[in-house]
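Have a look at the structure below before the remarks.
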Amino acid sequence: MSFPEGKDILFMGNEAAKLAEAFQKSLRKPSHKRSQSIIGEKVNTVSETLELPTISRPTKPTILSEPKLAWTDKGGAIKTEAKQTIKVMDPIEEEEFTEKRVLPSSDGKTPAEKKLKPSTNTKKKVSFTPNEPGKYTKLEKDALDLLSDNEEEDAESSILTFEERDTSSLSIEARLESIEEKLSMILGLLRTLNIATAGPTAARDGIRDAMIGIREELIADIIKEAKGKAAEMMEEEMNQRTKIGNGSVKLTEKAKELNKIVEDESTSGESEEEEELKDTQENNQEDDIYQLIM
């Protein structure tokens, strides 16, 4: 069974729209009279009962010819109509005129092509007025809307067209998806290996060797890809390090002196606090012993 092509469907839609418009126009005419009943029987109309009057054919109008003059002036006939004067151009002017008309200008178009400007308003395939109430149903409107698209917009508005998504992105999600796909392939191979072990010995060994080889190749590809990405990241890190430096901060001489002073004060403060803590601990121990003795 062969289905109609797109152009055939458009042609049929155009023809149906034209027939519908013609039928609507015929219904609007006041002179439209029914010559048949709903069942299909013939109905006698007034125009059929009355005899049409005979109309005589129109006669050709007689043209009166002007009387010829009996005498002539200087041996020649008098001319009633003046001849149109024809301008005779020189051959040089003719060449210049043709060059101007044929040779293209700076934009690459001849004057004749400039006169013929292409019409920017592209006509729709089917024209209809949706504002008229009761003329079209919703289904007819949808069909006419689909058929009335411009030819240039058919590719964008067609329901059958679709855009293939570009999967060549270098994002982390795309890499993870590719790794997941390869791992799912490996799992599928392992399952087929388990199923193949139930067969004959020779076939089982051959299938097992082939599947193991494919599995090793896939694992090697994954490791190679991971190493390549790691090498790229390390190289990028080295490039950044050469630009920024090793990140160490060096103190000036004054900063070193201030640092020593701060360190000395912090150590001396810590030693005093430690001595105070020791004294308080000893006092607490003596109090505890005194309480036990009492």
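Cβ atoms are placed via backbone N, Cα and C, with glycine included.
These come from Swiss-Prot:
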type     : residues : note
REGION   : 12-28    : region 'Binding to monomeric RNA-free nucleoprotein'
REGION   : 97-136   : region 'Disordered'
MOD_RES  : S106     : phosphoserine
REGION   : 123-128  : region 'Binding to host phosphatase PP1'
REGION   : 135-157  : region 'Binding to protein M2-1'
MOD_RES  : S148     : phosphoserine
MOD_RES  : S157     : phosphoserine
MOD_RES  : S158     : phosphoserine
MOD_RES  : S168     : phosphoserine
REGION   : 169-194  : region 'Oligomerization and binding to RNA-directed RNA polymerase L'
MOD_RES  : S171     : phosphoserine
REGION   : 251-279  : region 'Binding to RNA-directed RNA polymerase L'
REGION   : 260-294  : region 'Disordered'
COMPBIAS : 264-277  : compositional bias 'Acidic residues'
REGION   : 281-294  : region 'Binding to the N-RNA complex'
COMPBIAS : 284-294  : compositional bias 'Acidic residues'
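Per-residue confidence over the region 'Binding to protein M2-1' (135-157) averages out at a pLDDT of 56. In the three-state DSSP reading, S171 (phosphoserine) counts as coil.
Taking all protein chains in view, 8 other C-beta atoms sit within 10 angstroms of the C-beta of S171 (phosphoserine).
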